[in-house]
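Engineer: So Swiss-Prot has the following annotated:
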- His111, His115, Asp300: Fe cation binding site (BINDING)
- Leu134, Val135, Ser136, Gly137, Gly138, Asp167, Gly180, Asn272: substrate binding site (BINDING)
Amino acid sequence: MRVLGIETSCDETGIAVYDDETGLLANQLYSQVKLHADYGGVVPELASRDHVRKTVPLIQAALKEANLSAKDIDGVAYTAGPGLVGALLVGATVGRALAFAWGVPAVPVHHMEGHLLAPMLEENAPEFPFVALLVSGGHTQLISVTGIGEYLLLGESVDDAAGEAFDKTAKLLGLDYPGGPMLSRMAQLGTAGRFTFPRPMTDRPGLDFSFSGLKTFAANTIRANGTDDQTRADIARAFEDAVVDTLAIKSKRALEQTGFKRLVIAGGVSANRTLRSKLAEMMQKRGGEVFYARPEFCTDNGAMIAYAGLIRLKSGVNSELSVSVRPRWPLAELPKV
């Protein structure tokens, strides 16, 4: 079975073709970073308009890359949520229209299920059960995963997501949008221990997160110590260490609570090298394993949507002809496969 995947939930247009026998056949991606850079963040209307311009040409490019035509596609998967409603509607409308025209089934895919299953695209894929740490610009969640659609929310951020905190703190440090990856690069030049940031909510039981206070702590630290290059790097280092430590502490608790030996990290922030290193070290000490996707599959992409859609379609799930999206969509509401 070959599935075309369409991802348009935010500011990346991702198109891919996945085959259940041979794997990923094509992967096309267009990022809108330059489009939104002047505004310091994603402008929903601009994002939607750009998806309109890019989605069909990228589908054509993906089919060409895979040396396929429309008749070779057995199903279409599109991101139906969560995300920006206008952006989601572009992918959903194109996906449903193509499926109808080609006479194949279409399936709406949950964006975060796509991220959660992205490590399955790798040769060393995780087996169930595992704890998933989903860390992105919009989500920070710990989830018990015992099968496809068998998701139990263990904890989540009560305010800012980890990726959002990275971007906001980067802005305080004078870095351009998107600042998260730039902050991480700056942190590599920082001196460990010059500044010590708190590890929010780690001094109390539970698996929820809170990152908004770190942004405030960073702002106060910047005000008190100036903005010379080394000080900025030292603050970036202290901030990143605090976020990474917090994620590691909570992940360890989730593993202890569930008794699982496998940890999956997914979402844009899972590409962070410091986080990967910290969690790998933690899992080695515990005699467990950590799994993650290659960097290009950590951020939004069509490959994860094509793969998740393939699994859903093979289980017999497909949507009605109507086009609907869900900007807010709890992962736990997904049906078991």
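Heads up, the Cβ atoms here are built off N, Cα and C, so glycines get one too.
Provide an account of the burial state, proximal residues and distances for the features listed.
Structural biologist: Under the DSSP three-state reduction, His115 (Fe cation binding site) is assigned to helix.
DSSP assigns Gly138 (substrate binding site) to coil in the three-state reduction, outside any helix or strand. A 10 Å cutoff on Cβ-Cβ distances gives Gly138 (substrate binding site) a total of 19 other Cβ atoms nearby, all chains included.
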Engineer: Return the residues near His111 (Fe cation binding site) by Cβ distance under 8 Å, restricted to its own chain and a separation of at least 6 in sequence.
Structural biologist: Glu7, Ser9, Thr79, Gly81, Pro82, Gly83, Asp300, Ile305
Engineer: What's the CA to CA span in angstrom from Gly180 (substrate binding site) over to His115 (Fe cation binding site)?
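Structural biologist: A Cα-Cα distance of 18 Å.
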Engineer: If you count Cβ atoms within 10 Å of the Cβ of Asn272 (substrate binding site), leaving out that atom itself, what do you get?
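Structural biologist: For Asn272 (substrate binding site), the 10 Å Cβ neighbour count is 27.
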Engineer: For Leu134, Val135, listed as binding-site residues, tell me which one has the smallest number of other Cβ atoms within 10 Å.
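Structural biologist: Output over binding-site residues Leu134, Val135: least Cβ neighbours within 10 Å is Leu134.
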Engineer: Within 10 Å of its Cβ, which one of these binding-site residues (Asp167, Asp300) has the largest number of other Cβ atoms?
Structural biologist: Asp300
Engineer: In whole Å, how far does the CA atom of Val135 (substrate binding site) lie from that of His115 (Fe cation binding site)?
Structural biologist: 9
